[in-house]
2 protein chains.
Amino acid sequence: MDRNAPVGVFDSGIGGLTVAREIMRQTPEERIVYFGDTARVPYGSKSQDTIVRYSRQIIRFLRTKGVKAIVIACNTASAYALEIVAKESDIPIIGVVNAGARAAVSATRNGKIGVIGTEATVRSGVYTKVMQEMRPDIEVTGKACPLFVPLVEEGLWHDSVTDEMASRYLTPLKGRYIDTLVMGCTHYPLLRSTLRRLLGDEVTLVNPAYETAIELKELLKAHGLNRNPEDPLEGEKYQFYVSDLAEKFTDFATSILPDEVKETQKINIEEY
Amino acid sequence: MDRNAPVGVFDSGIGGLTVAREIMRQTPEERIVYFGDTARVPYGSKSQDTIVRYSRQIIRFLRTKGVKAIVIACNTASAYALEIVAKESDIPIIGVVNAGARAAVSATRNGKIGVIGTEATVRSGVYTKVMQEMRPDIEVTGKACPLFVPLVEEGLWHDSVTDEMASRYLTPLKGRYIDTLVMGCTHYPLLRSTLRRLLGDEVTLVNPAYETAIELKELLKAHGLNRNPEDPLEGEKYQFYVSDLAEKFTDFATSILPDEVKETQKINIEEY
């Protein structure tokens, strides 16, 4: 495998850009091919079957770009598809769940961890499973927050309606005295200040995007796959592909990534 | 064409069941094959390209079921795909927009009509175009209400958060002194009581689902395609297909249709 090859990163839409951003920060030498499945977003209300099928299509697409490793930058796809697709693959594939779970387990002091995510992520129970494998006495309380994604996508990051919904979603978690909360959906870090205000300073907020970028860095090193920053770049360092609405994606990506995104290409993912 | 053949009805998901329900009420003799694209819902935030491609796939699927006519029970797909797919088809295809527009134009007294819908439906300007073709002096104010679909799907039909969002969405329409409001998304009739309370009794609420069922009835008669209720039924009178989460769909359909839905079949719509 070519060390100079790009890393593939995919998500159901735009949320995974928070993971791409962390990878750009922590391993600035790496090239990235990002795919956002904007035609079929959201994944959080779909079945495992469908999520696995979509993930396989995306992985086949990313392989056509010669990626050396793949990051599933979507909690729902990590929850349902990672274990299956990783077994089928001859290049390393990691997801956001393991890194997020590990960080939460090392952050908690009282052993009570909350996980917020989409309906599908919470239903999967994957965070509980992974965290209890690390430390069996951990008590995990999951809470699906299905309105957070549409609220974030509407730009209501600081809004009374978002406050009200967040307050309802967090009530059962506060009742369990959690001291650590996993933001188990890539959109949620954009609501960090609301969550912080409602939970107070004593609760640690875990952002799996950050942890995943660290895991990727270590993985590439362990496999001798980390890119030499002195090797020549062929073509764009960062490439962006979506299944719909390329221009809207370009605008959003430019607003959250460190550098301007020049172009996003739309592809028909159903052909892969 | 066989008069005994079923009518095809499709939507991006569950919302079109409000149209199917009206068809069942107004033409109880007709057989229906319903398809809900629950894997790729919502359509309201997608591009025209994608909506047309998805609509063509669904029409190809419905044709395999031998339908004699098709109702696009989705405002967004009607707005973007109807004109294109109707031209390609040798069986009649109708959408919800024309019937809704006609009812609004005949209901208004002051010529000021509001249209609420998804981002894509409102952006298309299709209601304005169709209504102004009928009566050029009509003043149409469109307002996208992107959070209504997730709020309805979360069951928050009567809730302070829905009230607050509805109040924000309706403010510009009230400022234009509309006397008629088209509920331009099949989910919205489920918020009828909230809309009614905020707008007052002087504003007429138009439900395109109801108007579409009337249009279908007249169309079948005009083409000599209305089913003879005495003809024998082969198989189930009403058949339901989705692209994901068949059981959840069955539960929802049973809750809003007059009779229990026994079974929903999941198909891979990408193969059509």
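The backbone N, Cα and C atoms fix where each Cβ goes, and this holds for glycine too.
All annotation found in TrEMBL is predicted automatically rather than curated by experts.
For reference, TrEMBL has these:
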- A:C74: active site, proton donor/acceptor (ACT_SITE)
- A:C185: active site, proton donor/acceptor (ACT_SITE)
- A:D11, A:S12, A:Y43, A:G44, A:N75, A:T76, A:T186, A:H187: substrate binding site (BINDING)
Tell me the Cα distance separating A:C74 (active site, proton donor/acceptor) from A:D11 (substrate binding site), rounded to the nearest angstrom.
5
How far is it from A:C185 (active site, proton donor/acceptor) to A:Y43 (substrate binding site), counting Cα to Cα, in Å?
11
Output the one of A:C74, A:C185 that, of all these active-site residues, has the highest number of other Cβ atoms within 10 Å of its Cβ.
A:C74
Counting every protein chain present, what is the number of Cβ atoms, excluding its own, within 10 Å of the Cβ of A:D11 (substrate binding site)?
29
Which number gives the other C-beta atoms within 10 angstroms of the C-beta of A:G44 (substrate binding site), all protein chains shown included?
27
Other residues with Cβ within 8 Å of the Cβ centroid of A:D11, A:S12, A:Y43, A:G44, A:N75, A:T76, A:T186, A:H187 at the substrate site?
A:G13, A:G15, A:G16, A:V41, A:P42, A:C74, A:A77, A:T118, A:T121, A:V149, A:C185
Using DSSP and three states only, what is A:D11 (substrate binding site)?
strand
Nearest recorded site to A:C74 (active site, proton donor/acceptor) by CA-CA distance, among binding-site residues A:S12, A:Y43, A:G44:
A:S12
Let me spell it out: for each of the binding-site residues (A:S12, A:N75, A:T76, A:T186), count the other Cβ atoms within 10 Å of that residue's Cβ, using every protein chain shown. Which one has the most?
A:N75
Taking residues A:D11, A:S12, A:Y43, A:G44, A:N75, A:T76, A:T186, A:H187, which bind substrate in the record, the widest Cα spacing (Å, whole number):
13
Long-range Cβ environment of A:Y43 (substrate binding site), under 8 Å and at least 6 residues apart:
A:S12, A:D37, A:I51, A:Y54, A:C74, A:T76, A:A77, A:T118, A:A120
If you count Cβ atoms within 10 Å of the Cβ of A:H187 (substrate binding site), leaving out that atom itself, what do you get?
26
